[in-house]
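The structure appears right after this line, and notes come after that.
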4 protein chains.
Amino acid sequence: MEKALLLYSGGLDTSVMVRWIKEKMNMDVVTLTLDIGNSDLEEIKEKALKLGAIDAITLDVKKEFADNYISREIHANGLYGEYPLSTALARPLMAEKAVSVANENDIKFIAHGSTGKGNDQVRFEVSINALDNNIKVIAPVREWNMTRADELEYAKMNNIYVKSDGKYSVDENIWGRSIEGSSIENINEPVNDDAFEWVTPPQYCGSGEPVSIEFYKGLPSSLNGKSMDLLSIIKNLNIIAGRNGIGIINMIESRLIGLKSHEVYECPAASVILKAHKYLENLILNKNELSVKNYIDNFWSNMVYNGLWFDPSMEHMNQFEKSSNQYITGSVNLRLYRGNMILEGIESPYSLYDYNTINYETGVFDQGSSKGFIDIYKNETVRSNRVKKALTVIH
Amino acid sequence: MEKALLLYSGGLDTSVMVRWIKEKMNMDVVTLTLDIGNSDLEEIKEKALKLGAIDAITLDVKKEFADNYISREIHANGLYGEYPLSTALARPLMAEKAVSVANENDIKFIAHGSTGKGNDQVRFEVSINALDNNIKVIAPVREWNMTRADELEYAKMNNIYVKSDGKYSVDENIWGRSIEGSSIENINEPVNDDAFEWVTPPQYCGSGEPVSIEFYKGLPSSLNGKSMDLLSIIKNLNIIAGRNGIGIINMIESRLIGLKSHEVYECPAASVILKAHKYLENLILNKNELSVKNYIDNFWSNMVYNGLWFDPSMEHMNQFEKSSNQYITGSVNLRLYRGNMILEGIESPYSLYDYNTINYETGVFDQGSSKGFIDIYKNETVRSNRVKKALTVIH
Amino acid sequence: MEKALLLYSGGLDTSVMVRWIKEKMNMDVVTLTLDIGNSDLEEIKEKALKLGAIDAITLDVKKEFADNYISREIHANGLYGEYPLSTALARPLMAEKAVSVANENDIKFIAHGSTGKGNDQVRFEVSINALDNNIKVIAPVREWNMTRADELEYAKMNNIYVKSDGKYSVDENIWGRSIEGSSIENINEPVNDDAFEWVTPPQYCGSGEPVSIEFYKGLPSSLNGKSMDLLSIIKNLNIIAGRNGIGIINMIESRLIGLKSHEVYECPAASVILKAHKYLENLILNKNELSVKNYIDNFWSNMVYNGLWFDPSMEHMNQFEKSSNQYITGSVNLRLYRGNMILEGIESPYSLYDYNTINYETGVFDQGSSKGFIDIYKNETVRSNRVKKALTVIH
Amino acid sequence: MEKALLLYSGGLDTSVMVRWIKEKMNMDVVTLTLDIGNSDLEEIKEKALKLGAIDAITLDVKKEFADNYISREIHANGLYGEYPLSTALARPLMAEKAVSVANENDIKFIAHGSTGKGNDQVRFEVSINALDNNIKVIAPVREWNMTRADELEYAKMNNIYVKSDGKYSVDENIWGRSIEGSSIENINEPVNDDAFEWVTPPQYCGSGEPVSIEFYKGLPSSLNGKSMDLLSIIKNLNIIAGRNGIGIINMIESRLIGLKSHEVYECPAASVILKAHKYLENLILNKNELSVKNYIDNFWSNMVYNGLWFDPSMEHMNQFEKSSNQYITGSVNLRLYRGNMILEGIESPYSLYDYNTINYETGVFDQGSSKGFIDIYKNETVRSNRVKKALTVIH
């Protein structure tokens, strides 16, 4: 019998899928569960087997996620609006692992649990086929047209035990937690506090905490004076920043399939790291570098949001980003206080800030040059106004 | 005797200038004082005359500033980084008024108090000469090379009474307050609370307040249900947002003359209005509109930051902005709480958000189309990977 | 019986369609033929009726095409690579007319003859539904899966007389002629001379001709000293430029559906007008205007290529373009010689070129300012190198 | 006595300078002459010594120019408008060599012969100080305010023998020849044939020649079937393309100091190589790569035009360019005929062009997917029109 590799989270949709693929498509199901956040791999594995999977593979890929994916995003100040792309960033890693497991096990079909209305279906399918175009992708949710109630009914009928998923549709990994659905779809109302699990909403926070982050070549290398690998810094910052109200993002978003949606995110570590990294760049890179990097950063972020992580253009941009992060070394002190990240100090051996030049009292800058500068600088604007006004008078 | 029109704020620099221009340049001084924020025009006028100005002209231009300058910035989401360009936006208005007063009074010289290290000298001089290239600009601070101590000494010697300016170098108007100098120049230290006058730092704030802003064609038209003109909305919001910790901006900035500087701003009303306006745009404009508008908004903001308000390109961009704000009508509810602006509801007759399509339970969206979409969409990425991998294997 | 409005060109594909739609879809067919180039409307109408259309509507829309579509492209320097978008520009006009005729005749279906591999299907369908989303679009070629041989067989069987179409697949209108298919698909060979009908290949051209084009507010207003409307200028220039070898374009193109293709175009008038217009812009617009306009021009061109003429972003850009063409008034002399367009003179009342300033002998430009300018201008680059080098030495 | 290193071309300006610097600035002059094109180093050296230089250093840097400068431009499709940046590209190499010679000889001053009106002064000075900010730059032409007649008089008085320079102001190197001044400044007249030395104007050309260029990783590696280094390919192509009328560029240009100028260039090899390279890119890179590369190419070109070769942003962009040229391997056949470059064949192992998919008769492309694609693709445009129209009706 043909086999399908199912990206299995343990939730309602993919649990129903184990049975559904077997029944409707007449295929054996191998599940693949990846720990990118805090999944209980053992429990999920057991459940998969109980549901009838012929094999249940699990992998802890948190470190790979930090080192190969998140690190590149930090270099590129990856943001789609204010959203640090947490879910978008994990999809290509999941595709990468799925293709690799499928190839090792000679499986030709990969199934995922995304709907036909969202971005993730696109991210999965482009990524999987970019890595191996011989693999066929199966997206049952897109085809079965069951509502949530239908699914629950189907689960009951098939003895599929599912812990209640909660009212929201949630995706989470170490880089952030995405929340959508339910009352969040009523955009003329506030978001309920019960949507949040990682971040203490500002009104319930305590008296704040300072954090100090050191960067080496564009990546965090120590937190509050202690050297740690990136994964550990992220884990720690999720807790520290989370309890200080940092990282709630509330977006009206334009999905790549042409729908507007309302999405809420909790990205405490990501928010702090990206903020600190950007402060360092502003200190170390000159205006030309910042200008071109801003364009690349944006393009990079859009590509990731749009599911194009494995496009060849990404490698070209990653080379650019690596080069421009060569000197992003230094430390940033931020006070985290009820949703605010307050700069309390920044320094770098490569800082372009020059106290002696800028200081109003003792400055060594030759102000006389400014006159010549302005005389030339104004040419474009002054001349074009003069010419056009002269003619307007005559005409 | 030749006359100079001095842009006179009543502070130390420009007060010294009244005497200095007369003495060193042998010119009569007419002062021009503009109320763009909360200047006491009468007091400043008196002082100017006492210092020897032959005439002291004063104008309240707050409404003009709101209607002709700030309104265009709101349309263009004007931000340089996170800075709402408050000082940058007022300079061309000051130049406009100065040129107009100079022309009416047959004055050929305009003097300003900006140093040779900052952006404002450029903004004044480009703007003045763009409007009238026959006017000569005088920038005494750039030439006299006095330190602050020298100036105080000069003031004392010349019986110029100056109220202490405070330790910071400050510029303010209804759109924001810019603070630089003194301890702010020590970038490895926190900013002292005494830098802030408009915004209560978050830790001293109360329990928060909701605000509701209605927009009509891209501009605020009512606040908390009451119709008001833009100037009144700004004045009110400066107070409400200020007491809720909104609008402190802390930037490492790249001045247009090639120096890095550390600048702190307080822009409570600007922060709220720009945030609400952007939320509405995200709801009403489609992805194509947002993409091209994002570029124009950025270009527009850079031009204003760089002193090029009167460049002809601005008019072309303003036409674009006017058109793209045609449908930015609707209301935004934000909760202001200790530095946080929390979206609590948004609606617009032109909203592209469609509850019935997006809803996961009842959605009317044909998910089947997504498969065809992805099949085509992935072509670029899949093909280029396939071709390159195939060859890599062979080579 | 339900009615379908068929965009009918008189060629093989759409002729087969008249019969096919009736037979397979059981609908009455009304044909709509638009003269955008040099169609013989009478002959095509007769043919449609003979094939069984219940009505055959014809419209001469050449003037509308010039005044409402081409004019906007000239303002925007519309080019996709080197291709003046001739076919892409006519599709939305065809959609506009089709929707309007359909609405007047209470027809709910519009059929077009484009394949499923090209750009035109997208352009038609987006445009039609942007104008009226209640209309259903029928694209028989995409569904019937007939090859050309099948179609000829079908035509024979159904007594559909079709003049041989020639070996290439051709689309033409007054703004250009697109040629694809047949030997053009062999990209490792030269294009045969028999592909060209409008342009005499350079090796067969005569001794060249001068042309002089006057522009008023960004649009051609007279040719060789004679005032003419835009349509007449285009018609004349197609002949003059065509006989001088101007306007052959040979592109490796990236279709919007993700395929590379080889396309050949003949756009004599378009090439000359766009070249002359760009020369004038370079003379009249300043660097800031050129820089932002370059971005908008590109975005505009991509939108048109991608079938998005009726997207709301186009109106915003058109407002920008109108404003930036306000002063593009003047005349350009070009010598057309065997494929070359040689500038022989340019002038404008709004020219920013200033002989007296630029002239090396008598120049009035104050060269002294350049030193101050460079001192400031170099800051960004010099400082960042200095800082980084200093540290590199130490590290 | 202090020494100055003079970038010495052997022409009038720099010859006068040898004497002038000694006389007016009381410095010893060491000349540095670089062969980047076809300078007669021996003759120029002799002349320098005769004029009183205490030493005359000469270097042949043609190969370095090709390998370290031109190669990067080819990768980046370096063009400012249609100008291949030939002069702009050589200035940083000259600065690099001058700084290196100055350092070796313990010289603290470098003098160049550029005027205060052009771009080259900026390019020299930024580059020199970016490499060594302790060096002082001397620009006598900017200070002495001699006209050409004054210079000739001074030369005569000082027994400086100068071969007539010809009427134009010319700069040349292997990548191109720049011509300005004299009658070229009359922009309402044709350029005289006597301006051209490298390119035979089209009307005097012969019957054309085919060229075949092979590229390996983005750089030309063989010409007409013969492997050659880049320098040899350029030298050969200058002759071949030159005699076929290729490479005359006629620009209305916006100098970086805010003046419009009229410049004429002859760049035969550059025009052919850049055209062929771009054709290959269009064949090999996908739409995402082309889109982001287009931005970087433009930014790169502007930086070089604006004298910022040694800015750190260039290294980041060079990394991007290197990566995106990784697969630009293949061959391009062009027919050069009287100013036309006609594509006659292109191939690459990495080509994304797929005959079997694109072919209209046998195509394997699934046209059915297009319907789903368009259904999703049109969403943005259709929805925004629908919403806005609905409201417009109501309002």
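Each residue, glycine too, has its Cβ placed from N, Cα and C.
Site annotation (Swiss-Prot, ligand ATP) includes B:Leu7, B:Tyr8, B:Ser9, B:Gly10, B:Gly11, B:Leu12, B:Asp13, B:Thr14, B:Ser15; from B:Gly113, B:Gly116, B:Gly118, B:Gly166, the additional listed residue is B:Gly113. Across the annotated binding residues for ATP (B:Leu7, B:Tyr8, B:Ser9, B:Gly10, B:Gly11, B:Leu12, B:Asp13, B:Thr14, B:Ser15, B:Gly113), the two most widely spaced Cα atoms sit 13 Å apart.
Nearest to B:Arg123 (L-citrulline binding site) in space, judged by Cα atoms and limited to the binding-site residues B:Leu7, B:Asp13, B:Ser15, is B:Leu7. If you measure from the Cα atom of B:Glu253 (L-citrulline binding site) to that of B:Gly11 (ATP binding site), you get 25 Å. Apart from the site residues B:Thr115, B:Asn119, B:Asp120, the chain places the Cβ of B:Ser114, B:Lys117, B:Gly118, B:Gln121, B:Val122, B:Arg123, B:Arg255 no farther than 8 Å from the centroid of the site's Cβ atoms, the recorded L-aspartate location. According to DSSP, B:Glu253 (L-citrulline binding site) is assigned to a strand segment. Of the recorded residues, B:Ser178 (L-citrulline binding site) and B:Asp120 (L-aspartate binding site) place their C-alpha atoms 12 Å from one another. Of the recorded residues, B:Tyr83 (L-citrulline binding site) and B:Gly11 (ATP binding site) place their C-alpha atoms 24 Å from one another. The ATP site is set by B:Leu7, B:Tyr8, B:Ser9, B:Gly10, B:Gly11, B:Leu12, B:Asp13, B:Thr14, B:Ser15, B:Gly113; from the centre of their CB atoms, other residues of the chain with a CB within 8 Å are B:Val16, B:Met17. The binding-site residues recorded for this entry are B:Thr115, B:Asn119, B:Asp120, B:Tyr265, and the Cα of B:Thr115 lies nearest to that of B:Ser15 (ATP binding site).
Among the binding-site residues B:Gly11, B:Ser15, B:Thr115, B:Ser169, B:Ser178, the ones whose Cβ sits under 8 Å from a Cβ of chain A are, in sequence order, B:Thr115, B:Ser169. There are 23 other CB atoms within 10 A of the CB of B:Tyr83 (L-citrulline binding site), with all protein chains counted. Of all the binding-site residues in the list B:Asp120, B:Ser169, B:Tyr265, the shortest Cα-Cα distance to B:Asp13 (ATP binding site) is found for B:Ser169. B:Tyr265 (L-citrulline binding site) counts 27 other C-beta atoms within 10 Å of its own C-beta, drawing on all protein chains shown.
In this structure, B:Asn119 (L-citrulline binding site) belongs to neither helix nor strand by DSSP; it is coil. Shown are the binding-site residues B:Thr115, B:Asn119, B:Ser178; of these, the residue with the fewest other Cβ atoms within 10 Å is B:Thr115.
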